[in-house]
Amino acid sequence: MQKNESVTVTIQDMGVNGEGIGRVNGYTLFIKDAVIGDVVEARVTKAKKNYGYARLMNIITPSEHRVKPVCKFARKCGGCQIQEMSYEKQLEFKQNKVLGNLERIGGFSRELLSEVFGPIIGMEKPFGYRNKAQFPFGTDKNGQPITGFYAGRTHDIIANTDCALGVGVNREILEIVLAFMKKYGVRSYDEKTGEGLIRHVLIRYGFATKEIMVCVVVNRGKAEFGNCEELDCGNRGNRGTKGLERGSVMGLRWIPHQEVLVEELARIPGMTSITVSPNPRQTNVIMGERYEVLWGQPFITDYIGAVKYQISPLSFYQVNPVQTEKLYGLAMEYADLKGEETVWDLYCGIGTISLFLAQKAGKVYGVEIVPQAVEDARRNAEINGIENAEFYVGKAEEVLPGYYQRYEKEHPHADVIVVDPPRKGCDEGLLKTMADMRPERIVYVSCDSATLARDLRYLCERGYEVKKGRVVDQFGMSVHTESIVLLSKLHTKQNIEVELEMSEMDLTAAESKATYEEIKDYVLGHTRLKVSSLYIAQVKEKCGIIKRVNYNLPKSENSRQSKCPPEKEKAIRDALEYFRMI
């Protein structure tokens, strides 16, 4: 197969990132935007020895699973990878993706998985479900401000104020901000030069309360003192005189003529919080480390079940509240609480799962690395009158082992441990401590089925077994999903203690997902740097990682090799850390 060659391909399978997979004379091609069952014409863009990538040029025969996308930018935007696939097929794809990883990486038999996993829990309405959106701002070729979402694996903005996954008020808010910027000459931030002011606009929406938050992220570290006056947005059709009652910091000027922008936004029915987050760093991190209130209160409220939550601009809160309630309902079911149990909730965020479980537990301990989130969790416990929940600041992999070593003889035994880690999964030390604490049940909530499979395998090698599991679709039209698994402690006198190190497993996190191409894609997507297989191999060797066979390496030891530059080495190390290879 040669680059730029045109081929006709029948799509027989789907890749984990939503690409169509087809074969031409035994040669495998990955084709973005193709749907299983399609017959397509494609042009090869990259050809490796045994596989390649191709661009979809024409759909010769559409699949029965292909549908017309709701959004005209679906192929360009990086947010919806599978919007052209019927929702029923999306659910099948996600269930198979999770079970496939558990089988391939975790070593669980398909028979066991079929027995313990129920059907995937889909959405009734797979559009308009997101309660949060972060819109980057940029400049078009005519010098005018634009906003939308990044094209896949780039930082090129696809101008669009009407995302089909978000709530309807997003468009009104964004158009107000754009009109304001055009009228007063307020410039968008430029990633290349570091100049310009408006970086992002964060919008949050309370599905239960209808409250709205807008947070403008600005490229500056300090405000100026201005002559702005407090705004009375009463009698403007939204919240009476509460604009004055809640107060504001309009005397600090973060944005030229900001009082005009705030007044326009405050007219929107349901507007509750308008804030600004200063972020002067040249970084891909969206939010600054703090925020200031321009109008209203510093948070909005929402409910999951009967529990009320205050959500600030920096809070982690599940983006799909309807599906989250179903997910947490499963967590409650799996925890099987009778009213006396001690529960540890690791990676607890603002206490969403902790407070949900505290309704039926004896005592809940939550651990979270972000101090602001722990403050939110404590406040959320207070406003709900929940007195049986305590929260600790720190890394779960440091707090739990330290607590266990100091207090295992004095404090109550952990009956249930709940973990909801980031995509990289749980730290090995944390997994070991969890197993050593011997809780009756472990409830594992995961947003990455590859690391879920790895961690489940570790726990099952140390005296636990998978009893139940479900996949919950939290992110319709994308390839992402959530899973929840119940592990129970094995009760048998024939147990043999086996000390198993992560490094001794025959399938590590690196082998489960991090190929050279995936490392290259990660580095390019996060830093815009292109790295070679040689550079990756050099960094892996420095880190003590056993290299896979890489046919691009020199054939003799005396061959002259270019050395990986420091900035590329750092980017590769970041990727290796992300994939938990170091």
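Think of each number as a place in line: the chain as shown, counted from 1.
Cβ atoms are placed via backbone N, Cα and C, with glycine included.
Predicted automatically and left uncurated, TrEMBL annotations should be read as such.
Of the residues Y347, Y403, Y404, TrEMBL places Y347 in the same S-adenosyl-L-methionine site as Q318, E368, D420. A separation of roughly 8 Å, to the nearest angstrom, links the Cα atoms of D420 (S-adenosyl-L-methionine binding site) and C447 (active site, nucleophile). Of all the recorded positions listed here (Q318, E368, D420, C447), it is C447 whose C-beta has the fewest other C-beta atoms within 10 angstroms.
Largest Cα-Cα distance over the residues recorded as binding S-adenosyl-L-methionine, namely Q318, Y347, E368, D420, equals 15 Å. Excluding the listed site residues Q318, Y347, E368, D420, the same chain places F316, D345, C348, G349, T352, I353, P421, V445 with Cβ atoms within 8 Å of the centre of the S-adenosyl-L-methionine site Cβ atoms. Rounded to a whole value, the Cα-Cα separation of Q318 (S-adenosyl-L-methionine binding site) and C447 (active site, nucleophile) is 11 Å. Between E368 (S-adenosyl-L-methionine binding site) and C447 (active site, nucleophile), the C-alpha separation comes to 17 Å. Distance between Cα atoms for C447 (active site, nucleophile) and Y347 (S-adenosyl-L-methionine binding site): 13 Å, as a whole number.
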